[in-house]
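A single structure is presented below for examination.
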Amino acid sequence: MACSGFQSHGAWLELTSRTWPCTALFSLLFIPVFSKGMHVAQPAVVLANSRGVASFVCEYGSAGKAAEVRVTVLRRAGSQMTEVCAATYTVEDELTFLDDSTCTGTSTENKVNLTIQGLRAVDTGLYICKVELLYPPPYYVGMGNGTQIYVIDPEPCPDSDFLLWILAAVSSGLFFYSFLITAVSLSKMLKKRSPLTTGVYVKMPPTEPECEKQFQPYFIPIN
């Protein structure tokens, strides 16, 4: 009995010695996630422009200086969170979103300037900036309160062919109106000139006076 108890105790010690490195690694990786928080600030409201582009700044603060950072943009719709885009970059290099052309950004010190493109009215919602400081340890993670992005779809432009038809109709109407006014004006001018002359020259005989005086010669006799 003593021998069997000693064997079981030895097996437990051997199992503990084998699993201790894994337990220590687990503790080093996951305990800092919950113990090292980070504040992330972002604007409360942003209005996208007419082309569906919205820009906002994510500013994070931490005690250490990170060399490798990961930025993730999340969209909250009700109780669900969906990832819009994400990128991992080093402080020395430029922030680039390789897998998604929806987002672009630049980084300066502890600020990340994010731009989201191709937004429509249905994309209006709360966009949350998540920042992770990956290297060097310890691991920091923080999420902002979110930026409410409002998107207004621009009114559709009218068809260019339709505009051409309208322009042609208006031009034709103006031309017909000017032609009608010109014709009426010429007609009135001709009517005014008709009582003055018929346009045909007729040679008329000279007229004699109705009453022509007759003069008798008057002679004075000379003796």
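Each Cβ is built from the backbone N, Cα and C atoms, and glycine gets one as well.
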Scan 21-25, 46-50, 66-70, 81-85 against Swiss-Prot and say which stretch is down as region 'Homodimerization'.
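Within the set 21-25, 46-50, 66-70, 81-85, Swiss-Prot attaches region 'Homodimerization' to 46-50.
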Would you mind listing the long-range same-chain contacts of the region 'Homodimerization' (46-50), meaning Cβ under 8 Å and 6+ residues beyond its ends?
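Sequence-distant neighbours of the region 'Homodimerization' (46-50): 56, 119, 147-152, 154.
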Spatially, and counting Cα to Cα, which of the recorded positions is closest to CYS129 (disulfide bond)? Options: CYS85, CYS103, ASN145.
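The smallest Cα gap between CYS129 (disulfide bond) and any of the recorded positions is with ASN145.
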Counting other Cβ atoms within 10 Å of each residue's Cβ, which of the disulfide-bonded residues CYS58, CYS85, CYS129 comes out lowest?
CYS85
